[in-house]
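Structure first, commentary second.
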Amino acid sequence: MFGVTPAISLFGIVGNIFSIIILIRHGLNKCSNILLVVLAANDICFLIGFNSVPNFLYDLGGPVEGFAYNPQVGFFLFILHQLFEVMDYGCGAVSLTLPVLITSERLIAVFLPLQFTQIVTPRRTWCAVVIICVCWYGFFIHMSFLVTLQYEFSPASNTSIGLMRRSDYFNDIIEIVPVLELSMSYLCLKIPPVATFVGCVTIVIKVKMASVRRLKITSKSNKASKSNRTTKMLLAVCTMYTMTCGVMSLPTFLPQYMYYTMTSDAPSNLGRIMYQVMNLALCINSSWNFIIYVVMNKNFRKTYWSLFDRKKS
């Protein structure tokens, strides 16, 4: 998995950078573009955080897991590890929550097209995005204090190894930690995908019904076709997201085999494998949107190719 996920992540980072450039060129006065830009930015940060150097050094830096360095270097790497961990979990959580806003924006566009510009504005969209980001970043910054670095003697390496262990603060709030993790599970992996799925089904039904009526109104066909293309593209993004959440929700049904929280201690080998499977699903989800944009959005595709045309000229 250490070779597969970095390769997928590298593609995802490059693709999301192109997505941000193209969406900004198309204008951030369109609320859906704002949501997709923020989604791409958080996907980039998630992929960087997940593939951080301190993370790989901890897992593969020696004969056993841990920081096989002197305490000064070890604690420096631990601080970096926690910073990247906040990027990993925080930005990942934002990416798993934003599809709810995307679906809500499309619901309003489909059901209230005449009032859409009054209800959904760029300012309100930015406010909603900032609130979500602040909440999730703050949540995982707090969760990062539940882990500390302790040096323990390792017979395998015949030296002291820096290992991540639950901190004293974790023990102080041990009764609250399950509540925090359960809240994270519901707010990130349960409620958003269900709401997104229901919203997408509702949109599909509404669009199908509208397309039947539209056959009799040829004068509005062009405008409706453009709106439908945007809706279909965003539905594809949300569909990929819903599938990812299905994989991520496996710990809910198989808690004895799964492992994905920041505070898990001494997971089983099967838990580690399933943890990597879930991370692979997240990496694919964070990297796939660029392909969806290119395939399903003609304007996006034209702008993308124009970037290379300018370079050639």
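Our numbering is plain: 1 for the first residue shown, then up by one each step along the chain.
Glycine too: its Cβ is placed from the backbone N, Cα and C atoms.
No curator has checked TrEMBL annotations; they are predicted automatically.
According to TrEMBL, the protein carries these features:
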| type | residues | note |
| --- | --- | --- |
| DOMAIN | 15-293 | domain 'G-protein coupled receptors family 1 profile' |
| TRANSMEM | 6-24 | transmembrane segment |
| TRANSMEM | 31-50 | transmembrane segment |
| TRANSMEM | 93-114 | transmembrane segment |
| TRANSMEM | 126-147 | transmembrane segment |
| TRANSMEM | 191-212 | transmembrane segment |
| TRANSMEM | 233-253 | transmembrane segment |
| TRANSMEM | 273-296 | transmembrane segment |
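The transmembrane segment (273-296) makes contact with the transmembrane segment (6-24), as judged by at least three Cβ pairs under 8 Å among residues 6 or more apart in sequence. Contact between the transmembrane segment (93-114) and the transmembrane segment (191-212) is supported by 3 or more Cβ pairs under 8 Å, counting only residues 6 or more apart in sequence. Using a Cβ-Cβ cut-off under 8 Å and counting only residues 6 or more beyond its ends in the same chain, the transmembrane segment (31-50) has close neighbours at 5, 9, 12-13, 16-17, 19-20, 23-24, 84-89, 91-92, 94-95, 98-99, 101-102, 105-106, 120-122, 125-126, 129, 133, 230, 234, 237, 279, 282-283, 286-287, 289-290, 293. Packing against the transmembrane segment (126-147) from elsewhere in the chain are residues 34-35, 38, 42, 82, 85-86, 89-90, 93-94, 97-98, 101, 164-167, 169-170, 173, 177, 180, 184, 188, 262-263: each is 6 or more residues past its ends and has a CB under 8 Å from a CB in it. Outside the transmembrane segment (191-212), and at least 6 residues removed from its termini, the chain residues within Cβ reach (under 8 Å) are 96-97, 99-100, 102-104, 106-107, 110-111, 224, 228, 231, 235, 238-239, 241-242, 245-246, 249.
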